[in-house]
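Under the heading domain 'FMN hydroxy acid dehydrogenase', TrEMBL lists 2-384. Taken from TrEMBL, the feature FMN binding site applies to 81-83, Ser109, Gln129, Thr157, Lys255, Ser277, 310-314, 333-334. Marked as glyoxylate binding site by TrEMBL: Tyr131, Arg166, His279. Feature annotation from TrEMBL assigns active site, proton acceptor to His279.
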Amino acid sequence: MARDTWFETVAIAQQRAKKRLPKSVYSSLISASEKGLTVADNVEAFGQLGFAPHVIGAQAKRDLATTVMGQDISLPVIISPTGVQAVHPDGEVAVARAAAARGTAMGLSSFASKPIEEVIAANPKLFFQAYWLGDRDAIAARVERARAAGAVGLIVTTDWSFSHGRDWGSPKIPEAMDLKTIVKMLPEGLTRPRWMWQWGKTFRPPNLQVPNQGAKGEAGPPFFAAYGEWMGTPPPTWEDIAWLRELWGGPFMLKGVMRVDDAKRAVDAGVSAISVSNHGGNNLDSTPASIRALPAIADAVGDQIEVVLDGGIRRGSDVVKALALGARAVMIGRAYLWGLAAEGQTGVENVLDIMSGGIDSALRGLGLASVHDLRPEHILVPPGFLRPLGLPSDTGA
Ligand SMILES: Cc1cc2nc3c(=O)[nH]c(=O)nc-3n(C[C@H](O)[C@H](O)[C@H](O)COP(=O)(O)O)c2cc1C
C-alpha cells in the first residue's frame, strides 16, 4: 500500500522535516539569529490577533484569487525566495512545480541550488531575487540573465545584516561537498537513511554552488565565495535602488521594508511593490514581527504600491489576518521548506492546500465572499499590538 504522505498542518510538516533531515540541514532551515526574539515574535504575533465569527451569514462561495506584480494567482500566497541547497534533490524545481500546480507565483533566490532557466520551465510565474552583491555591472549581468530566462519580476533583498551568532549554535556548512566532507558527514547522514537514499539515487551530493550568481550554463561560484563577495560589497543607496529599478523596467519588489519612512522612499525610488519583512527573523534580532509594522506601512503607501508581507505565516488564518491589516498577499518561507523536506513537491502542494483551506475557512467564518473584502475591522487587534516604525514623530532614527 502506498505510504500516506498527507499532513494536516504546517506544524506536522515541520515535525516530519525534523525527522527526515540531518540535524545540520534542519537547523539551517530554522535559521534565525542571536536570541531568536524576532523569529518567535513573527509567529506569536499572529496568535495575538483575533476573529469574531458570525453564526449565520456565511457565503456559499469564497474567492481567493488575486494578482501580485502583474501575475494572476489563485490564492494570495506566494513562495518567498530561499536557498534550499540540501533539503531535497529536486530543490527549487520541485517548489516551482508545486506552485504552478496550485496556480501561484514563486520568488527564486539568487542563492538557489538550481539554475533559473530550469526553474522557469517548471513555473513561468517567477520573480528573480537579487542581493546587492558585486558592482553594478555584475548585478546588471545577473538581472539580464533573469530577464532573458523569462523572469516576470525582480525582488531585491537589501535587509541582510550579516548577523552570524545564535545562542543555540549554528550548523557547520561545508565549503564544498568533496569526498572528505562526505565521509565526515556520513555518520550524521546515516541517522537519516531516507534523506541519504533520496540523494544516493541521484549519484551526486547536495550542490553547494550557486548557479544563478554566475553566467548561464556555468556551475556558478561556491556558496562561501559568493557570500564573501557579498560581505565585501558596499551596501546600496536609494540611488542604487532607483538605478536597478530603471534598468529592470518591469515589476520590482523591495523586500525587507519595516518602516514607514523607508516605504515612502521606496515609492520615490519607483518600486512597484514592497515586502514588509524582517527576513523571517534571520537578521537584526529584536526587530518586531513584520505583522506589527504592516498596518502603518499599508496606510502610508498601500494606495501607491503593492504591499506584501512575509514572516511567521503558518496557516491560512494568518494570511487572512495579514490581508485584513493591509497586505495584498503574503509570501511563505519555512512553511514550504518544511513541506519540501517532508514530501518533496507533494509536500509543498500540501502546504499550499493548507493555506487555501485555512483562508477559505476563515472567510466563511467571517461571512465574507472574497479575500478582497477583508478590512481591519474583521480582526481584533489587542491594545499595544502594533509597532508603527519610522513615522515622522519617531525619535528612534
Ligand atoms: C532557510 C532560509 C533561507 C532564506 N534565504 C533567503 C534568500 O536567499 N533570499 C531572500 O530574500 N530571503 C531569504 N529568506 C527569507 C525568506 O524569503 C522569508 O523572508 C522568510 O522566510 C519569511 O519568514 P517565514 O520563514 O516565517 O515564512 C530565507 C529564509 C530561510 C528560512
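Counting begins at 1 with the first residue displayed.
From the backbone N, Cα and C atoms, a Cβ is placed for every residue, glycine too.
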- prompt: Looking only at the domain 'FMN hydroxy acid dehydrogenase' (2-384), what is the mean pLDDT?
  reply: 94
Between Arg314 (FMN binding site) and Arg166 (glyoxylate binding site): CA-CA distance (Å): 23
- prompt: Among Tyr131, Arg166, Arg314, the binding-site residues in the record, which have a C-beta under 6 A from ligand 1?
  reply: none
Spatial neighbours, same chain, of Gly312 (FMN binding site) - Cβ under 8 Å, 6+ residues apart: Asp41, Asn42, Val43, Glu44, Ala45, Phe46, Gly280, Ala289, Ser290, Ile291, Asp318
- line: Out of Arg166, Lys255, Arg314, the listed binding-site residues, fewest other Cβ atoms within 10 Å surround the Cβ of Arg166
Field: Chain-internal residues, separated by at least six, CB under 8 A from His279 (glyoxylate binding site)
entry: Thr157, Asp159, Trp160, Gly256, Gly311
Three-class DSSP secondary structure - Arg334 (FMN binding site): helix
- line: His279 (glyoxylate binding site) -> DSSP, reduced to three states, gives helix
- prompt: How big is the gap, in Å, between the Cα of Lys255 (FMN binding site) and that of Tyr131 (glyoxylate binding site), rounded to a whole number?
  reply: 10
